[in-house]
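Report on the following structure.
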């Protein structure tokens, strides 16, 4: 897989591809970042962007991970001390998932976001962003609020300034970050900063085919036990022929195939024996043709996801 294909793998959108190609021609080692609000357990939705960072590292990018403890504090996710502890947990998880510890720059928001230069830039940006625009940006990333605090309106402004102050060329995030990233693209140049390129990954559905929610237990956390993962995937939605909103297929596409050149679906000889696939497309076609059963996919997905997450469990013990 060539450099550009690796960058574009499993990406929903690049804003813009032309700017990306120009950057690759101009810089040998471009800089990209993702910001993570340390507010709870890491789940497979977060791992999707970690996978993209790993792709970018393989493509020669310098990677920064922002552990956004101040953002979490402003979003009322705990005291600064509490969210800093969660940030440390996040960092251990990301390294165990495959980010190169020596080549990843981990930055805590509190290391620079309380400085005068940073805050002055946030205030400058606040003069050109309407309250409605800030609120829409927050709502888009799943933080819809009936009665938001001023701190939560500052959140998207800080996220835009993060891109500038970290000196990165590319902002990576889920497609739910798009409105905040567009805010940055439209406004940072007016403050004297470069316009960032944005890479957006899809948002994974929960295991039941609906939006992920902690109350539904419809997602996989990176520290789930092997037994919990087998149990959750056994109950997961995997309707024969449904390739659009199928969480089991999504696990193969976004998490398993990027890490394994060959996938073996294990099944008894009386049901045809093991099947080997070398690409996601090959496996999806077999699923549509009903030559592989949903339960066989579920069992194999559980096996591979457990292998991927085993280093995380060892680190967290």
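Glycine residues also receive a Cβ, built from the backbone N, Cα and C atoms like all the rest.
In Swiss-Prot, the motif ''HIGH' region' annotation falls on 38-46 of the listed ranges 20-28, 29-37, 38-46. The Cβ neighbour count for residue 33 (L-tyrosine binding site), using a 10 Å radius over every protein chain in view, is 25. Its Cβ placed at the centre, residue 177 (L-tyrosine binding site) has 24 other Cβ atoms within 10 Å.
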